[in-house]
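Student: Annotations per Swiss-Prot:
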BINDING   GLU8  Mg(2+) binding site
BINDING   HIS14, ASP166, GLY167, LYS168, SER234, GLY235, ARG236, PHE237, ASP245, ARG251, LYS252, ALA268, LYS272, LYS276  ATP binding site
BINDING   GLU42  K(+) binding site
BINDING   GLU55, GLN98, ASP245, LYS276  L-methionine binding site
Amino acid sequence: MGFLFTSESVNEGHPDKLADQISDGILDACLAQDPDSKVACETATKTNMVMVFGEITTKAKVDYEAVVRQVCRDVGFISDETGLDGNKCRVLVELHDQSPDIGQGVHGMGTKSDEDIGAGDQGHMFGYATDETPELMPLTHVLATKLGHRLTVVRKDGTCPWVLPDGKTQVTIEYENEGGAMVPKRVHTILISTQHIEGVTNEKIAEDLMNEVIKKVVPEKYLDADTIFHLNPSGRFVIGGPHGDAGLTGRKIIIDTYGGWGAHGGGAFSGKDPTKVDRSGAYISRQAAKSVVAAGLARRCLFQISYAIGVAEPLSVHVDTYGTGKIPDSEILAKVKAAFDFRPGMMGKALDLKRGGNKRYQTTAAYGHFGRDEDLDIFTWEKVVPL
């Protein structure tokens, strides 16, 4: 019996994603100078304004305003027409040291070894993998994300000069369940809403989106005469970016992960250093789940881990292969526990998470944190661990 499932994505010019990239741009700047920086940086943006706020303890000397403006320019917010001008917008900075109460409990104010560093907070994180794509990611999520990325490519390379930074995509796929494994059959619906300049016709928008975006991304085998296309269905999307909607860090956590598949513990990633297990725990969980599927132990895998603040060892670890495991889940879990060290300090070391700079974390903040095999030097958690 087939069923429909939908995932969405947003472009790097969506205001929430801009906020994520700014928070991670600041994290990069801190870690580049001081790998032991403790960063919890949030960003809010609205018309002609960006505010960064939170807690940062670092030896780095960072011009936070300069970082904010550069990220805005990187994305393409360089004029009022785009929704924000990174060269002249107001930038508010409210950043203070990390609470010493947290510091003494987590890292002993810098005195604890990697083996003893505790989790930066309580929480539970998930990792997910599925054999339906080469990336071992859900196809709905992969296609929605790649459509959004392609929109940015055609904007920046001049193929579609009418495209502006803000945009959203959504893909619905018809699946069949084969003994717990997800098998995509066809694309049911594609939705694209992209910000555009004044004066371009809806006919031109639809033509370019079909020929330069959809046909360049979606494999022909998934499209048929019954596939539905909604291309800028509102009819007008000139006002966008932070001028159209306020943006906040951490509001696109499903887009950042698996597009609604698997599960999510609720914690966002951007602006957080590796002692924050919301981020490092989710990264190692993805690596664990991916390694299970890559090893052929299961066609589909969900991995969960949980922590207490200040405690190094996880409280629980769990594997669910949805009935697709070649061996019992308990045996798979034993293999995972033997191959991974889930203490926060050791996860950071194994995945080289203290290394920032060169837009490492800023790159993760748009177009998904997982399934990014194109650069394993950045996305170290996508490397498969032998089990």
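Keep in mind that glycine also has a Cβ here, set from the backbone N, Cα and C atoms.
Surface or core, plus neighbours and distances: that's what I need for these features.
Tutor: The secondary structure of GLU8 (Mg(2+) binding site), as reduced to three states from DSSP, is extended strand.
In sequence order, SER193 are the residues near SER234 (ATP binding site), counting only same-chain partners six or more apart with C-beta under 8 A.
GLU42 (K(+) binding site) falls within a strand when secondary structure is assigned with DSSP.
Same-chain residues at least 6 positions away in sequence with a Cβ under 8 Å from that of GLN98 (L-methionine binding site) are, in sequence order, LYS38, ALA40, GLU55, ILE56, THR57.
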Student: Among GLU8, GLU42, LYS276, these being the binding-site residues, pick the one whose CA is nearest to that of ARG236 (ATP binding site).
Tutor: GLU8
Student: Identify, in sequence order, the residues in the chain of HIS14 (ATP binding site) that are 6 or more apart from it along the sequence and have a CB within less than 8 Å of its CB; answer 'none' if there are none.
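Tutor: Set apart from HIS14 (ATP binding site) by at least 6 residues yet with Cβ under 8 Å, we have ASP166, GLY167, LYS168, GLY247, LYS252.
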Student: Between C-alpha atoms, which of these binding-site residues comes nearest to GLU42 (K(+) binding site): GLU8, ASP245, LYS272, LYS276?
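Tutor: Among GLU8, ASP245, LYS272, LYS276, LYS272.
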Student: Determine, to the nearest whole angstrom, how far the Cα atom of LYS276 (L-methionine binding site) is from the Cα atom of GLU8 (Mg(2+) binding site).
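Tutor: So the alpha carbons of LYS276 (L-methionine binding site) and GLU8 (Mg(2+) binding site) sit roughly 26 Å from each other.
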Student: Per 10 Å Cβ neighbour count, which of the binding-site residues ARG236, LYS252, LYS272, LYS276 ranks highest?
Tutor: LYS272
Student: Cβ-Cβ under 8 Å from ASP245 (ATP binding site), same chain, 6 or more residues apart: which ones?
Tutor: PRO15
